[in-house]
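S.K.: My structure is below; once you've seen it, I'll send some questions.
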């Protein structure tokens with residue numbers, strides 16, 4: 001049954017009340033959990049695609065006619081992957097928001113499988129990089145569609161916290177575990193099996209998701225209802241979410257323009273982008289530095305050095321557990337909010353991330369640097385890596401929650417700016433790793449990177465001290481939070497309102 005009302009020209013189609021069973025917010029909890037688990041498993045495995053082949057560079061370099069003697073040329077495969085992610089996310093993601101999140105997800109996932117298969121047989125380095133570019137673009141679409149799916153099926157902020165935190169953990173941990181998986185496969189099988197095993201796993205998971213996942217985008221469901229209504233009545237009908245909706249070209253223009261504008265003009269977006277991007281860049285940097293440190297210090301093989309990156313994922317998993325405590329702090333802050341009585345304080349999202357920055361990232365990098373001696377057991381640097389992994393997860397989680405909370409319907413643009421920054425740091429920061437660690441030694445580069453966390457880590461401290469005043473000066477935050485409070489905007493409405501708002 002469809003609720004609709006007529007204007008002189010057209011029938012407006014809406015949900016059949018607040019408990020409409022076709023509204024994804026009203027789906028059974030078990031159904032939501034199954035969808036989320038499958039999609040999060042795909043996120044974990046898809047992001048491992050970024051770094052799994054870094055374990056095989058000694059085997060693949062002769063095939064492609066490149067050398068890592070003076071420069072990590074093998075890392076260009078990761079750089080092209082992350083650059084593809086940036087471009088696809090900016091240009092194609094808004095179209096999935098408007099036309100079909102389910103089909104956007106499935107087509108992107110299928111694209112990943114298609115563009116991964118030839119990587120096992122191509123011997124031209126340029127062609128290989130192009131395939132990596134396309135595969136990375138597809139993975140960025142798969143991952144970001146998962147965020148949309150979470151927002152589509154979990155309507156309340158409290159119910160979204162666990163799925164979002166788990167998504168961020170799987171997203172980061174997948175990248176950290178890529179070299180571990182690659183090294184484990186390479187120890188017993190030919191390097192091409194790093195690719196073939198991924199293809200087999202993804203094809204199996206793709207089949208399950210295609211069966212279970214139905215359309216979650218509310219606007220798409222209502223649009224289909226409107227089409228059926230129009231066929232049945234012969235009268236023009238339109239979904240309520242499409243009223244005053246701009247064309248796809250304008251939506252694409254907004255998606256490209258607004259993140260750049262917000263990065264350049266919004267203090268919060270700029271500082272948080274630098275803070276989060278540096279953190280994500282470290283995950284990719286470790287794909288290069290751990291091999292240098294552990295082979296030089298302990299005489300490990302490159303494959304054994306790849307295993308140690310599992311300590312980063314362990315730290316991220318610990319941070320995921322700690323995020324439950326962070327969630328409690330956030331919702332408990334509502335009792336002392338004098339700005340909006342009964343509403344949690346946005347800056348409460350940042351408490352744990354400050355500890356993660358100064359103890360996790362800063363402390364972890366120092367331990368990673370200054371336990372790098374042959375007389376110190378390998379567990380010393382590994383503990384440092386775990387601490388950094390812990391810090392990175394708390395930072396990225398805090399940034400995601402805080403921007404969504406503050407910017408509401410502009411959150412997709414704010415997070416788009418952060419995502420672009422993360423991809424750029426992931427693309428180019430590790431390219432300097434070999435030069436730093438070879439010229440400066442094993443201690444100084446990690447120390448410098450740890451020190452860089454200090455000014456970047458001041459961003460959340462300043463927001464906790466002056467956040468209310470800074471937010472009051474942001475036209476985006478003021479407008480977004482006013483409308484969210486006035487209209488009761490939540491979940492998918494945030495995304496849909498942004499995409500239908502003209503650029504500032």
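Glycine residues also receive a Cβ, built from the backbone N, Cα and C atoms like all the rest.
Bear in mind that TrEMBL entries carry predicted annotations, made automatically and left uncurated.
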S.K.: Can you identify, from 191-213, 214-236, the stretch that TrEMBL calls transmembrane segment?
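M.R.: In TrEMBL, the transmembrane segment feature sits at 191-213.
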S.K.: Which range, 10-32, 33-55, does TrEMBL list as transmembrane segment?
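M.R.: Comparing 10-32, 33-55 with TrEMBL, transmembrane segment matches 33-55.
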S.K.: Considering pairs 6 or more residues apart, do the transmembrane segment (33-55) and the transmembrane segment (191-213) have at least three CB pairs under 8 Å?
M.R.: yes
S.K.: Mind checking which residues of the chain, 6+ beyond the ends of the transmembrane segment (410-432), have their Cβ under 8 Å from one of its Cβ atoms?
M.R.: 71-72, 75, 78-79, 82-83, 85-86, 89-90, 140, 144, 254-255, 258-260, 262-263, 266, 268-269, 272-274, 276-278, 280-285, 287-288, 399-400, 403-404, 476, 479-480, 494-495, 498-499, 501
S.K.: Sort out for me which stretch, of 128-150, 191-213, 307-327, 382-403, 444-465, has the most Cβ pairs below 8 angstroms to the transmembrane segment (267-287).
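M.R.: Checked against 128-150, 191-213, 307-327, 382-403, 444-465; highest Cβ contact count belongs to 382-403.
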S.K.: Do the transmembrane segment (191-213) and the transmembrane segment (382-403) come together with 3 or more C-beta pairs under 8 Å, pairs six or more apart in sequence?
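M.R.: Not in contact, no.
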S.K.: Under 8 Å, at least 3 Cβ pairs, sequence separation 6 or more: does that hold for the transmembrane segment (307-327) versus the transmembrane segment (128-150)?
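M.R.: As far as Cβ distances go (cut-off 8 Å, pairs 6 or more apart), the transmembrane segment (307-327) and the transmembrane segment (128-150) do not touch.
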S.K.: So which of 75-96, 103-122, 162-185, 348-370 has the most C-beta pairs under 8 Å when paired with the transmembrane segment (128-150)?
M.R.: 75-96
